[in-house]
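K.L.:
Positions annotated as active site by Swiss-Prot, on the basis of similarity to another entry: Tyr142. Per Swiss-Prot, active site, proton acceptor is recorded for His300, and the stated evidence type is sequence analysis. What Swiss-Prot records for Asn9, Glu34, Asp183, Asn185, Asp299, His300 is Mg(2+) binding site. The Zn(2+) binding site annotation in Swiss-Prot covers Cys463, His466, Cys489, Cys503 and is backed by experimental evidence. Summarising the annotation, Swiss-Prot assigns compositional bias 'Polar residues' to 347-362. Per Swiss-Prot, the feature motif 'Claspin-like CKB motif' maps to 82-90. According to Swiss-Prot, the feature site 'Important for catalytic activity' maps to Asp273, an assignment based on similarity to another entry.
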Amino acid sequence: MKIVSWNINGIRATRVGLKETLDSLDADIICLQETKVTRDLLDEPSAIVEGYNSYFSFSRVRSGYSGVATFCKSSTTPQAAEEGLSGVFCNRTGSVGCYGNTEQFLEEELQSLDQEGRAVLTQHRILNCEDKEETLTVINVYCPRADPEKPERKTYKLRFYHLLQTRAEAILQNGGHVIILGDVNTSHRPLDHCDPTDLETFEENPGRQWLNQFLGDPIPSQKGDSETVMPPSAGSGLFYDSFRYFHPTQKNAFTCWCSASGARQTNYGTRIDYILGNRELVESEFLDSVIMPEVEGSDHCPVKAFMKCQPIAANKCPPLCTKYLPEFAGRQQKLLQFLVKKENTLGNTTEESSELTGTPSFTEGADISTVRKRPSDKLNSTSKKKSKIVTKNGQGNLLSFFKPERQKLTMATECNPIEVPICKKEKTVQKDLQPATPAVKYNKPQTAFWKSLLKGPPPPPNCKGHSEPCVLRTVKKAGPNCGRQFYVCARPEGHSSNPQARCNFFLWLTKKAGCED
């Protein structure tokens, strides 16, 4: 069994079709984050993919924001699925359950934590390596980012972490296994960050402190990585970071890079995408956990886990499945109608239509060649005219079929032909359209004058590190320098020890551009 997690940064922005993208990931369960699609914008190609059943969670606060989706192969159809961590928005039928003690959260807070579309749960039946059936719950999450300029988002992020832990541990205590995977938006160790700076400040981050107590010490893998040394802050939680379980000392293993600075070219990033599993599951069923930096299309790369267990498909998709949404279920029902014969319905419809329009109904043995359709404009005639034409038996008067349509003829005779004047002076027109040679000669000194007056921006300076032309940037952040422009090295961002990375050249441009508030 193979599981993949990927922050796709827009499900509708894939370079190829979604099915081709999913197939290329080669996994039984594919969890996507930051789909950036709300329910009203979800189209059928994204919702219903051949060979997969999908489960979405949409943002209810903003359009084109957040959102997660889990795609399961037909051979891995879950037995239950649920949107959100709190159960506020879930349908009790086919839900996962086990919410834990949420008394520390207010009802409004629970609704706020789930209304941004950041979690989808799917529960599967698996056959473990000992051929025993067990339950596996997969929690697909897109954890919030703590914006430094918005202190309330820092609190929101920590509360989301605590709700995630409450739900995951409650499901685990109820039996079975749990996998948490997705964009956690926190790099755990200095090894997971390209520039951890001061280690003391690094460890003081509240998100890292939560991960310390939530995750347990990884046991050295059987591949000989026994030299693993964990910091004293390592916790004794119920879950393992599966990647560090198998690759505890691997450096430069990043999953997210800044697209604006081109940091992916120099691998100057962070590892914030995880596949976390409960201890027993990782120790007994996991074979490996890897990152996939070769897969492009987002500012994140996928992460993948290989497991020994085999999935057991459910007979029917749970109610949360996207194909059951009315906007997509209705389309499938219409397609089914073309494949099912409905003789009685068609018969009644024919009788009703013949009574309403006054046209003769087709009976067995009738000469079809003698029946003619009435013109469409007769359907809009007044009730008085219909009463004269329709007989007591509901059949139309034969004279109505041969009656000349005076109205159409009158309209045709009243239309006057449109006279289009023909230009007979082609030579004169062509002569006027020809460019005037004296004018071109007259404009040459004007062009030289304007070029001398409007010289344009000066060429950019060369950076001191590489002697290459710099690029011009503009300060977007609010403050006294907002709108100011500056020159920096054109190379991608990277570590200071990397000669191929951007040097530290910086030069303000004297002229200040405008900045919107």
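Quick reminder: no glycine exception, Cβ is built from N, Cα and C everywhere.
Provide an account of the burial state, proximal residues and distances for the features listed.
P.N.:
Under DSSP, Tyr142 (active site) is assigned to a strand (E or B) in the three-state scheme. Neighbour list (Tyr142 (active site), Cβ cut-off 8 Å, at least 6 residues apart, same chain): Asn7, Gln33, Glu34, Ser66, Gly67, Val68, Gly117, Arg118, Ala119, Gly182, Asp183.
His300 (active site, proton acceptor) falls within a strand when secondary structure is assigned with DSSP.
The secondary structure of Glu34 (Mg(2+) binding site), as reduced to three states from DSSP, is coil rather than helix or strand. Other Cβ atoms within 10 Å of the Cβ of Glu34 (Mg(2+) binding site) number 24 in total over all chains.
Cβ neighbour count for Cys463 (Zn(2+) binding site) (all protein chains, 10 Å cutoff from its Cβ): 22.
Mapped onto DSSP classes, the motif 'Claspin-like CKB motif' (82-90) shows 0 helix, 2 strand, 7 coil.
Of all Cβ atoms in the protein chains displayed, 23 besides its own lie within 10 Å of the Cβ of Asp273 (site 'Important for catalytic activity').
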K.L.:
Would you identify which of the binding-site residues Asp183, Asp299 has the most other C-beta atoms lying within 10 angstroms of its C-beta?
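P.N.:
Ranked by Cβ atoms within 10 Å, first place goes to Asp183.
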K.L.:
Counting other Cβ atoms within 10 Å of each residue's Cβ, which of the recorded positions His300, His466 comes out lowest?
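P.N.:
Fewest other Cβ atoms within 10 Å, among the recorded positions His300, His466, is found for His466.
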K.L.:
Just the number: how many Å between the Cα atoms of Cys489 (Zn(2+) binding site) and Asn185 (Mg(2+) binding site)?
P.N.:
29
K.L.:
What is the average pLDDT across the motif 'Claspin-like CKB motif' (82-90)?
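P.N.:
Across the residues of the motif 'Claspin-like CKB motif' (82-90) the model's pLDDT averages 94 on the 0 to 100 scale.
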K.L.:
Expressed to the nearest Å, what is the distance separating Cys503 (Zn(2+) binding site) and Asn9 (Mg(2+) binding site) at their Cα atoms?
P.N.:
29
K.L.:
With an 8 Å cut-off on Cβ-Cβ distance and a minimum sequence separation of at least 6, pull the same-chain contacts of Asn185 (Mg(2+) binding site), or say none.
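P.N.:
In sequence order, the residues whose Cβ lies under 8 Å from that of Asn185 (Mg(2+) binding site) (at least 6 apart) are Cys143, Pro144, Arg145, Ala146, Lys157, Gly207, Ile272.
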K.L.:
Might you list, by sequence position, any residue in that chain lying six or more from Asn9 (Mg(2+) binding site) with a Cβ less than 8 Å away from its Cβ?
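P.N.:
Residues satisfying the criterion: Glu34, Lys36, Gly297, Ser298, Asp299, His300.
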